[in-house]
Each structure stands twice: as structure tokens, then as C-alpha cells.
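J.: Pulled these features from Swiss-Prot for this protein:
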BINDING   563, 564, 565, 566, 567, 568, 569, 570  ATP binding site
COMPBIAS  138-154  compositional bias 'Basic and acidic residues'
COMPBIAS  155-171  compositional bias 'Basic residues'
COMPBIAS  184-228  compositional bias 'Basic and acidic residues'
DOMAIN    234-304  domain 'S1 motif'
DOMAIN    550-713  domain 'Helicase ATP-binding'
DOMAIN    738-911  domain 'Helicase C-terminal'
REGION    138-228  region 'Disordered'
REGION    305-360  region 'Disordered'
REGION    480-504  region 'Disordered'
MOTIF     660-663  motif 'DEAH box'
């Protein structure tokens, strides 16, 4: 029986081998079965085959298939021997079906996520720099040689060949290197992109022998003796004059397998005017020509752009862009750029738009006019050069039949998937967003949806009320209509005085409730105390455990510290580490999840340490570095420490790293967990401290190698939990009622309300203020204090001030008050049970903020805020059943619900390709990683094998999202890096324009001066350039309703990015008036955000067919271009596109060939297939009135 089962196994394996190799070898099958039995996992079997020299012949799919057959047959054999069918046997059999380990199974299915890690070496950067220097040297030598040849042209003899030979013998090695570099650029275009980096050295070595046998000058352009298939645009070829015509000459190109013939127009022969072609060229004459254009198989050539003696290109231009050509080609900027730099001076904003296609603008000719022109041309009245559509650059008439404005072009998504994803590339676009709600049909989820509708309704009500106020204002101004008259001398003084008054007030119109909160702008901010700095430090709960904590730091490499918010962990532990002597070998680093926290904490610690901020104590956030060489305590965002790991994975400059607020589980913190854990293994002297304010410290301890837990006891008092009896549909209104109820009926004590964002907080402050105002002076005063990220930090500090006697304070905050802030005097907490979370939508490819229910852990943390000062109450505006059944135990980590493209790009840049084995605390979903890898591949950051390209390596160096990084790098090749650098800096700053309510029309008029017809990105560029031309003036910003702080922030960001570009030798080049280059660069980075105008209304995105709209404030709102790309989507009353730019649809295929393709004109496109065709009808009648069933039938009445 065993022999029969073995023969059956051999037969199955033999059939697989025969199908794969076409050879029947029983010995090979038995040998492979033996290896599979000895090596039961995929990796082990693969290594065994490699050791036997069979790894190249047995691919992954064949290896996995053989392993599955052997293990399944072996499991059946064992089961038959035992004769039982127990649950354990079935379980074991199920486990061994393919691969025993779950990770091994994932590796077998997705090898792209389990590629071997590569060590990050400095030689890569050195090779890149050397390659750039070699290119620069080659250009310099070429220019120098051309200058010498032109100087000695008159004295040169006929024996040019011998002189070249003598010169070649004198500098043979130098020319050989230049020859090899020149040809390597040509060969790299022909090689497969995936193999370029791996085969670079091998290809150079193979070509070394060929270089010795070739003449450099004669064969530089055609790549040696190899015959080409087709001509390429921009290349120079040798040719022979075949025939001469009155309008030009036909040239037969040499060096091709098949005959290639092109036309040199009479205008392209010489720079000066040529009367007769026969006077300049003769039949059979050898010439050098450059390919200018190839259209419908016809080749347009030029002789005037080529040196007929040396074959040098006299007018070099860019060919098709290679995604990896990120470089260093210099470009001569246009002579005049002043009008574009200052749109106010020349009225660029109101001028005609630059043609999208670049080059010569298209001339519109009607059909009758074209017929008349052709008749006149046939009669000999007009020549070809007199035609209005004659292209002087190409020397031919433009074929307008093949051109369009994008209306007839259909762009479709490429269905092909990258090779390294092997059948999983399409799945990434089909997955649904990550579920962060336990019960989507529960009362909490329904309340969140209802609040979204109510929020939209509130916004529309405010807009309508504002319009009514504007109408009343205009009616009031009817008697003083001359106030806006520029010719009115009497009113100009009053108007300028009014403007200066606005400037003094910073044009901020405070709502009445906000004026009451800030005491009319005269309130004093800051937490007042009479204690000295030493007494304040000693009053913290952590001070009592100082000695024990310092001993724990010294004795343990990794330490988990748990303490309540306000115990002093963030400010004191770094100073304790210095006192314990841990700062002698390196800096003390502390990460913060928020930029504001890193800045404020560093400022506080510098005051306690007795130094100036930026010296011994400093901070680093994105685009701002406030440290020096003497800094020993450094606070930073977790993202900045992750970028430092990109340069130094071992963090050799640090002796202690403290991950503060680790319980928030941001995406950067989760990645740092794995990186710091690996760094601690390599560096035993590196200390790690993980702090948490919640009770999940056991999970951190288990992850960090059973690290000891140090607990700082806090002051906690009992808290009474109160639930609602029925679910609340409008939790915002329920919160208002609860606050009023507490204020009117409960004993003294402050109130803390948790809401989701600024809009809800402002609305609540306004509603509570109006309700308290309506109750009259007899009711005790309620001090309303908002807290959210956009609020000025000096105003946020007022929440710490105790309420005066006889008054109650209500603090309305986001979830920042859960763990990051400790407010004394809070006895009552109102918890609606919601929070805004960033969730990635794979269909749109973007992150969006969604209101979701909180977790049970967050609910407990919120209720604990009421028990810091004394016994308190927590009013939960949801049912107890909802808490138990509709809330997750812990929040979903950010790494499992957001876009991973930027994170995976940084891991790839660190050499971490094996994402399956990376030590995540909570691994992200496989679908999310597949989607991120697919996104990076479409951005050309990854090649066909899933490895990082040179472009991807450069993208990882910029502290930007991948699309912005590619946009910035590609602008160098497109010759517009000066402009794109400014645009990227402005995109990283929000709220550039200010729109005061009482002068909205005036602000809109000022903003319209900067509008560019190409779109909002170029409008931002015009704003910055105008500010620059006015010497970065602050009064100029006030006059034009522009935020000064935002502009200065954009200026700082631009300086930071400029330093990075200089470090990577990326040239700063201006495009001048040719703004189509800027549009192309924007398209190359944001092609995924392309949208086409919908015949019904608005636009439809190309990726998921979603209905989106251009915002009325956009520069493109009036033009409504056919094709646009946008920066991001903003959901208000509609899905509005933010920062829109018009594009040519052909650019999508040009810059994203792996993502878009031109649709088949013979088939119905996906875009049109999704469109709805509505029948025509009378707009004054019912929509279905035209149907025959709706027509009233006349009944014949014989009595009439």
C-alpha cells in the first residue's frame, strides 16, 4: 500500500515536472520529493534547491505546487496509518496543507512583501554623485572641444582623420571614459527599466572591449554597429539626399534595417533664408540630420540644428522623460520673466492663457476659412509658409485632424498589474475602507451619520444668513455708492483710514461669544502661579519617585513608564536622565505625536534647565530645526525621528530615546517601535523609555522583550458613570442640554465636554453663549472656553486658570484633553462618545477625516478626567448597551487605517524589503500594503521587481508625501523647479487668503487679481512672487487680504526644501512664461487625482467615478476646463476639489503610462458607460410629460 501511495505521489510530481520542463525524468521527481520531505517549508525547500543548483530552474510557483502535493499526500498517508479521524488529526492535516506557518504561506502568495532586506550603504550615494560629476565633466569637455574646433576651423587641414587619431592616442583613456558614458546613456534607454541598476556595472564592463574598436565621432549617435529599427525624435543620424523638391529634400537615413526616409523642409536647411533647394543640396550628398517630429509614419528632419562637420546637436531639447532621469540637465531660462513674477504690474491675471500644449498656440480656423485658404494656396497666391497654421519649428503644416482639446480623447485605467504583485495588484483597488466601527448599523454609527447631515444643514443656514446680511449692507450703502468709486476724492481718505483700521486690528472679526471669552481681546493668558521654578518641579507627582526612576533608567536598557497625564513624565524624565549621567555618550531624544507639543514642551524644559531655547535644549519639527551642536536634550515629532533613522538606522548620536505618548499609536510611532527595537539589539548601550498614560502597558512590555514597568501613581477619585436611557440622534444638542442642566442643578465644579472638531466646538460655544445670555443676569455666569489645535496657543492656556468664585467654567475640547492635557477643577465630564479619525479610502486613494465612535478604553480615559480633583460624574450620551456592544475594546492603530505609501517608501529606502517579517506591534492589513506598493509603482518609485528606483530613493529624502516629492523632482527635468518649489511650499500652508465677513466682496476682488487661467497652483505662485516683488511686505499682505503668518511659514518651508535640493545637486531652473511645464509637473505628481467634466454636472474622477465639483473660490470656476487635476478633496456641502489645475489628457498617459492609457475609439469607454442618457423634454413641464403614457387620451363623445 505504501508503494502504491508513493507511486501516486511520484506520478503527480512527475506530471508537474513534465508540464514545466517538457521532460519526463522519474529520478528528478523522486529527488525533489525527497527534498520536499526533508524541508517542509517553502523557504527551506527553496534554499535546498539553490544549494543543489536547481534554484534558477524551479520558480516559486512550481516549488509551492510540488510542496503542496508532497505535504497533502503525506498527511493522507499518516491519517490512513492511524486509522482514526480525530479532531487533532484533521487539525494537523489542515495546518500542513500548504505551509505550516502562516507567515510562510503569506510569503509564498506574496513574495513582493518578503524580499530580502538590503543593507543601506553609503556607496550608493557616492555612485550617484560620481555619475553626476561624470555627466557634468562630459558636458564641459564637449563644450570645450566645440570651442576649440570652432577657433581652429580656418587653420584645419584636410587630414581630419589623422589629427583625430593623434589626439585620440594622446588622451585615449579619457576619451574612452567619455565614450563609454556617452553610449551608456543611449543603451540605458533600450534596456529594460527593471534591470538598469542591477546591470549597470556589468553592462559597462561588457562594452569596454567594444569601445576600443569603435570610432567615437562616427558612431556616437547611432550606438555603434547595431542597426536600429525605427528613428527616434531628438536623435541625429547620417543621411543621403535622395531627391530634391521645390519645398525641400527627401533624405534617406543610414544605419537602419529597413529604409527610413524623411523630409527636410526648405526652412530647416539653414538658419538663413534659402531661395532654391538645388543651390544648397545635391542628390547623393551625405548630410547629418536631426529628427524633429514623427507623425503617421512621416519623419520631419532638420539640418540647421546639426553641425554638419562634427555632428553635434546645436539645439538640444528634451526627449521623452524617463522616470529615473531625475537630474542634472542644465536649461537656459527664458530672458523675460518679469511679467509672470508680478501679475499686478502687467495684468497677467487678466491676460489670455498660455496654451496647454506648450510651444506655438493653436490657431482656430473655421471650415469656410480653411476652404478659402486652400483655394488661394492652389491658385499660387499663398505659399505653405504663409498659412496661419504653419509650424515654424517643425517646418510642416500642423495636422489638426489628429488634435483635440481633450473632448474626444478617452483616458482609461490600465488593467495590467505590476509583475511583483502577481495577481494581487487589482485587489488593492477593490478593497473597502478599514472598518473602525464595531457595529455599522448600531445607534452610535447612525448618530454619526445624522450629525454629518446636521452639520451640513448648519453650514447652509450660516451661508444663507450671511447672504441676507450682505444684501442689507448693500442696501445701506446705496446712498453712499461713491465709497468704492476710485475717482471719488472725498471718500478715498475715509476708505484708506478704514483699511488702516483693519490692519491694526489684523482684520479679525471676533464673534460675540469669542469677544466675551477673551474679554474683548484684553484678557491675560498663561497659567498664573506664585511658586518658583524649583517648587513647581518638586510639586509634581514624579518628583517623589525621582531616585527610584533614575536607578531604573540605569539598570534597564528598555523601560515602560506608566503615569497619568500631568504627572511630569514629559518634562522631568529627560532632565533626570541627564542627572543620572546618561547624556555623556550622546543626546537625550524625546518624541511627541504633535508639533505644538514638541515646541511647547521644549520651551518649558529650557526654562527649567536654565538655558536659551535652541542651545542645550531644542526641538525639531517638520521644516523647522531649533537645535545646535551643543543640544543635549532634543524634543521632536515622531516623524522627524523616523527621518533620522533613514540616515542613521542605529541612531548612533543618541544615548537615550524616549517615546512619549506611545498609547496614541500614531503611524510613525508604530514604525519606530520596530526600528528602535532592532537598534537596541545592535547597540546595548542605547536606552529606550516608552511612556503611556493608559492601562495597556502590559502589551508594550511584552513587545519590548518583557521590559519592566515603572508606574507613577496618580491622584484618582471615584467617578459616577451616567448613561442615557435611549440613544441620542443629535449628540451635539444633547451635549448642550446636559451642560445647561449641570450648570443649573449641580454643585460647583468645572465641566469638560468632548467634541470632534473645530466646527462643532465653535457652534457649541455660540449656542451656549446665546442661551446663557437669554436667561438674564440672575443665572450664575458660565465661562465658555474652547480648545482645539487651530486655536492660538496663548489662548489655549486660559483653560488652566481657575474659575472665579460664583462662576463655573466649561471647557469644550477635542480628544487632546483625554491624555495630553490635565485641567484642574474638572468635576463633570460630558462624553458624546465620538472622535474624528483619519481613515484611508483605497478607491479614492486619499485619507479622509470621519466621525466614528470611540473605543471602550478611550471612554474610560475620558471618564477618569472627572476624578483628578475630587469625586466627579461622567455623563455618557449613549446607552450602556452601546458601550458594551458597539465600541471596540481599544482604538484601531493608525497604521491599520491610513495610507501606507509614505511609510513603505521610507522603509524601502532603509533597505527593509521584507515587510512580512518586520516587527510591527500590530501588523497593517495585507491589502493596505499591496495598495501602497501599487501606488508607489505608479509613481515610478518602485520598478517591476518591487525594488526602489533612483527616483524613489530621492523621493524618500524629502519630508513630503510621495506625490509632492515626485512633483518636485520631476520639475527639474521639466525645467520649472524654481516655480514648483514655491508651489509645493505654498501647498504645505493652509489658509493663505483671509475673507472677513464685513468685506467679503472687497476680499474677493483682491484675490481675483492673482487668479491665473491655468489654475489654483499657479495662482499660489503668483501670490508668492508678488509678495516677493514687494519685498515680503507685511502691509501689502493686509491690503490684499493675505495671511502674513502663512506666507512667512511658506517662505521658511521653501528655504528648507531648497537646502534639500542643493544637497542632492538638483538644479533650480525657471520656466519663465512657459507655464505649461509647471502644469506637466503637477500632472506627473497628482495624476491619480485627475477628473473629467461631466455633461450633467460637475466632474467625475477617473479612478472611481466619484462626482466632485470646483469650488466657487477657485481660479478655474469660471473656465470649467475639460480635464483637471486637484490636490485633495474637501467635503463641505459637496465634494469640492481643492487646488485645481487644468491639464491636457495626453499628459496623463505620458507621465503615468503604468496607470493610464488612451482608450480604444472603437469601443465604449468605461467613463461613457457610466454616464446616464436623459431624454430631451420641455424644461417648463414635468420630466416624464413627453412619454406617450402621460398624454391624456381624448375620448370620443358622440353627444357633442
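Just so you know, glycine gets a Cβ as well, placed from its N, Cα and C.
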J.: Please report, as numbers and ranges, the same-chain residues at least 6 past the borders of the motif 'DEAH box' (660-663) whose CB is under 8 Å from any CB of it.
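T.: Hits for the motif 'DEAH box' (660-663): 569-570, 590-593, 597, 669, 690-694, 696, 700, 819-820.
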J.: Could you count the residues of the motif 'DEAH box' (660-663) that DSSP puts in helix, in strand and in coil?
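T.: Tallying H, G and I as helix, E and B as strand, the rest coil: 2 helix, 0 strand, 2 coil.
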J.: Which residue counts does DSSP yield for the domain 'S1 motif' (234-304) in the helix, strand and coil classes, in that order?
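T.: DSSP composition of the domain 'S1 motif' (234-304): 6 helix, 38 strand, 27 coil.
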J.: Quick one: among the binding-site residues 563, 565, 568, 569, which has the most Cβ atoms sitting within 10 Å of its own Cβ?
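T.: For the binding-site residues 563, 565, 568, 569, the Cβ with the most other Cβ atoms within 10 Å is 569.
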J.: May I have the list of same-chain residues other than 563, 564, 565, 566, 567, 568, 569, 570 whose Cβ is within 8 Å of the Cβ centroid of the recorded ATP site, in sequence order?
T.: 540, 541, 542, 693, 712, 714, 822
J.: When you measure from the Cβ of residue 570 (ATP binding site), which residues in the chain that are at least 6 apart have a Cβ under 8 Å away?
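T.: Spatial neighbours, sequence-distant, of residue 570 (ATP binding site): 590, 592, 597, 601, 660, 691.
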J.: Three states by DSSP: which one describes residue 565 (ATP binding site)?
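T.: The three-state answer is coil.
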J.: Might you list, by sequence position, any residue in that chain lying six or more from residue 566 (ATP binding site) with a Cβ less than 8 Å away from its Cβ?
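T.: Correct list: 541, 714, 822, 868.
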J.: Helix, strand or coil at residue 570 (ATP binding site), per DSSP?
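T.: The three-state answer is helix.
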J.: Quick one: give me the count of other CB atoms within 10 A of the CB of residue 564 (ATP binding site).
T.: 19
J.: I'd like the Cβ neighbour count for residue 567 (ATP binding site), meaning other Cβ atoms within 10 Å of its Cβ, all protein chains included.
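T.: A count of 22.
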J.: Across the motif 'DEAH box' (660-663), what does the pLDDT come to on average, as a whole number?
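T.: Over the motif 'DEAH box' (660-663), the predicted model scores a mean pLDDT of 86.
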